[in-house]
């Protein structure tokens with residue numbers, strides 16, 4: 001029987017099991033299965049996935065994120081805020097502004113601290129990637145995918161594809177509560193046009209400063225929040241002429257609110273909370 005200490009944290013209800021790999025050891029070949037096991041709500045701890053906080057050669061810490069189906073993702077906005085909180089509070093970093101390595105690249109985090117506790121984290125998510133090759137999507141590699149139609153169940157849905165280090169398909173609807181989240185979501189996620197699958201967001205524009213947001217996450221299904229998805233949604237809204245670039249937009253997710261801005265300089269900034277749920281020790285056995 002093997003075991004490791006963990007901290008369960010969430011960003012707006014998007015929860016992961018966080019493991020400090022400065023102190024713990026999980027064999028590389030076991031990571032996918034362990035992520036699947038520990039995320040199981042019935043036989044594990046229950047979460048949207050597992051995130052490892054690892055040493056890095058190019059930043060103070062590195063984040064590795066695994067979905068609850070065991071697949072490894074390149075980035076996670078809510079996860080990054082929680083990693084920033086953990087790293088500062090556990091003295092893996094000393095400054096309130098620092099970098100985090102991800103499979104999608106290096107991002108900059110800035111934490112707001114009150115009495116030694118991180119209450120808010122802002123992440124510079126970098127510039128969005130808009131060409132089919134960068135997302136990735138099939139088709140002309142240098143061509144963006146903006147407001148293109150997808151026929152599903154005799155209804156045409158126009159979506160815009162954006163990568164924030166991971167792929168997103170953003171669809172604008174009149175009412176997110178009536179959006180076909182659990183039906184169209186998995187169909188688009190696994191569609192052949194997305195070789196690495198895709199996250200699917202349904203967006204309802206409320207006014208020039210606010211939007212409602214619901215998400216079907218690649219590898220996890222319906223979740224309470226998706227930080228990279230909120231960033232992609234704001235970028236898509238601006239590309240479609242629905243919002244202004246340079247303004248801070250409030251994104252209302254099922255789990256709470258994020259503040260997102262696509263700056264004139266080109267990067268996307270995400271600001272929101274990160275909270276600890278519980279800590280403990282997880283025991284597991286990998287069958288031969």
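Each Cβ is built from the backbone N, Cα and C atoms, and glycine gets one as well.
According to Swiss-Prot, the protein has these features:
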- 14, 67, 77, 78, 166, 199, 217, 218, 227, 228: substrate binding site (BINDING)
- 76: active site, proton donor (ACT_SITE)
- 226: active site, proton acceptor (ACT_SITE)
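Swiss-Prot feature annotations superimposed on the structure.
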| residue | record | CB count, 10 Å |
| --- | --- | --- |
| 14 | substrate binding site | 30 |
| 76 | active site, proton donor | 31 |
| 77 | substrate binding site | 28 |
| 166 | substrate binding site | 27 |
| 217 | substrate binding site | 27 |
| 226 | active site, proton acceptor | 35 |
| 227 | substrate binding site | 27 |
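Cα spacing between residue 226 (active site, proton acceptor) and residue 77 (substrate binding site): 7 Å, rounded to the nearest whole number. Between the farthest pair of Cα atoms in the substrate binding residues (14, 67, 77, 78, 166, 199, 217, 218, 227, 228), the distance is 16 Å. A strand conformation is recorded for residue 217 (substrate binding site) in the three-state DSSP classification. The substrate site is defined by 14, 67, 77, 78, 166, 199, 217, 218, 227, 228, and by the 8 Å test on Cβ atoms against their centroid, the other residues of the chain that qualify are 73, 75, 76, 79, 215, 220, 223, 226, 229.
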